[in-house]
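Notes follow once the structure below has been shown.
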C-alpha cells in the first residue's frame with residue numbers, strides 16, 4: 001500500500017471513530033460499541049494486509065477489545081500521525097582510521113538528520129567498509145531487482161587508507177545510503193533498519209545483561225529516536241527497546257521515568273494484546289503505578305481480563321524478556 005492509500009485508509013478509520021464520539025454522548029450500549037469496534041477491525045484488516053506491520057504483534061483489533069471510546073480515539077490519532085512520512089538525510093562528515101591488534105580499518109561517521117528538524121533530532125553512528133559490504137550482500141539477496149542500478153564502491157588491493165580513496169568512499173557511501181532510503185521497500189526492510197541500529201542495540205543489551213544500566217540506558221536513549229523515525233509505519237517494532245528503557249530506569253530506581261516510557265510502550269500495544277511484551281509490561285506498570293501512588297486499578301483490570309481469556313501459560317518478567325534480546 002503506498003503512502004496516499006494509507007492516509008486515505010486512516011481518514012476512513014478516523015471517521016469511524018468520530019461516529020463512536022457521537023454515540024458516546026448518548027450513552028451507547030455495549031452492543032453498539034462492539035459493532036463499531038468490529039467495523040474498525042475489519043477496515044484494519046482490509047486496508048493493512050502487509051504482514052510486516054503485523055508480524056511482531058501477532059494480533060489485531062477485535063470486537064472484544066477492552067479499549068474505551070477515549071482510548072480508541074487516541075489510538076487512531078496516533079495512527080494518523082504515523083501516516084506522515086519522515087524524510088531522513090544522510091551525511092558522512094568525517095572518518096577515522098582504527099588500529100586494533102593485527103587489524104586496521106576505516107570507520108565512517110554517519111549523521112542521520114530528519115528534514116525540517118533541529119540538531120537534537122539527529123543520530124550519529126559509525127560503520128566500517130565491511131558493514132556496508134555486508135548490507136549490500138544482504139539486500140541483493142532480497143531485493144535483487146531493486147538493486148540492479150545500485151553501485152557499490154569496490155575494494156582496492158592497495159591504497160585503502162589513502163586520503164583520496166577514503167574521501168571517494170565517503171561520498172560514495174553517502175550517495176549509497178541516500179539511494180537506498182529513496183526506495184520504499186528497502187528503507188522499510190529489516191536488513192536496512194538493522195544496519196543502522198543493530199550494533200548499538202547489541203551493545204546496549206550487552207550492558208543491560210551485565211548490570212551496566214546507566215551505560216545501557218545512555219545507548220538506548222540515543223537509538224530510540226532513530227528507531228522511531230525508521231519504523232514510523234510499524235510502531236509496535238520499537239516496543240522491546242522502550243521496555244528495555246523501562247527496565248533500566250526501574251533498576252536505577254527512577255520509577256517516574258520508567259512509568260513514562262512504559263506508558264509509551266503500552267500505548268503501542270493497545271490493540272496487540274497477544275504481543276509477548278504485553279502482560280510483562282502490564283505487570284511492571286502495575287508495580288510502578290502502586291509505587292508512585294498512581295491509579296493502577298485500570299491496569300489491574302486489563303491484566304485480569306487477559307488472564308480470564310487466555311489459557312495459563314508461563315509469562316516471563318519484563319526484565320527476563322529484555323535480557324533475552326539480541327542474544328547471539
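Heads up, the Cβ atoms here are built off N, Cα and C, so glycines get one too.
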Exercise. Look up region 'Disordered' in TrEMBL and report which of 24-44, 45-65, 66-86 it refers to.
Key: 45-65
Quiz item: Given the model, what does the mean pLDDT over the domain 'PX' (86-203) come out as?
Solution: 91
